[in-house]
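Single-structure report; data block below.
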Amino acid sequence: MNTYLFIYYLIQFCGHSWIFTNMIIRFLSFGKDSLADTFYSIGLVMRLCQSLSILELLHILVGIEENRFLPRFLQITERIIILFVVITSQEEVQGKYVVCILFFLWNLLDVVRYTYCMLSVSGTYYGALTWLNYTLWIPVYPLSILAKAFAIYESLPYFESFGTYSIKLPFPVALSIYFPYILKLYLAMLFVGMYFITTYLCSERKAHLGASYIKEKRS
């Protein structure tokens, strides 16, 4: 199973590294003009990587990956909803600067995370990388939540205008589902989930950066 996990982490590392490097090179080459077409340049690879991450829930359920299911489930579903429901479904949102910012933050975290996971499963330990993996989220994760919230806010006028995902069931049910209301509710839930995930990440950081844990790894 370690071989399988190593290959999985390697694939994710390569995908996110490609996205991250592509974004930086495009920005250095084209400046602000590169921000507007970020989704068109890397959106396909981003969707593939995020779809592949669903396997991590299966890894936890079958016991080959040590992680708590609910926090990881929330992290993955947050990204899936924002990427596929909010951004992919609205072409007008895809060109917003917030998409570039969000992708940058996601990939910054994932390049570090998958590097750490890939080396850990092979039995390689670097104190600096461990510290970075369990510390980088402190500034980046809250910023990504704000970026997600702003992406939802930017998408609301388009969902209202086009009626995407809003449905009206026929008689005798006579029930209407107005999707912008669901998005607004999800926007509030996003910050509730942030508190839960932040609490979990803090406990993970304390567990992995504790003096006894580091001493045990080094020995």
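One is the number of the first residue shown, and numbering goes on along the chain from there.
Placement of Cβ uses the backbone N, Cα and C atoms for every residue, glycine included.
Curation does not apply to TrEMBL; its annotations are automatic.
Annotated transmembrane segment per TrEMBL: 7-28 (among others), in sequence order.
Feature annotation from TrEMBL assigns transmembrane segment to 40-62 (among others).
Sequence-remote contacts of a segment are chain residues at least 6 beyond its ends whose Cβ falls under 8 Å from one of its Cβ atoms, and for the transmembrane segment (128-153) they are 78, 82, 86-87, 93, 96, 98-99, 101-102, 105-106, 108-109, 112-113, 115-116, 119, 183, 186-187, 190-191, 194, 197-198, 201, 204-205, 208-209, 214, 217. Taken from TrEMBL, the feature transmembrane segment covers 128-153 (among others).
Sequence-distant neighbours of the transmembrane segment (173-197) (same chain, 6+ residues past either end, Cβ-Cβ under 8 Å): 70-71, 74-75, 78, 81, 86, 141-142, 145, 148-149, 152-153, 155-156, 159-160, 163-167. The transmembrane segment feature in TrEMBL is assigned to 173-197 (among others).
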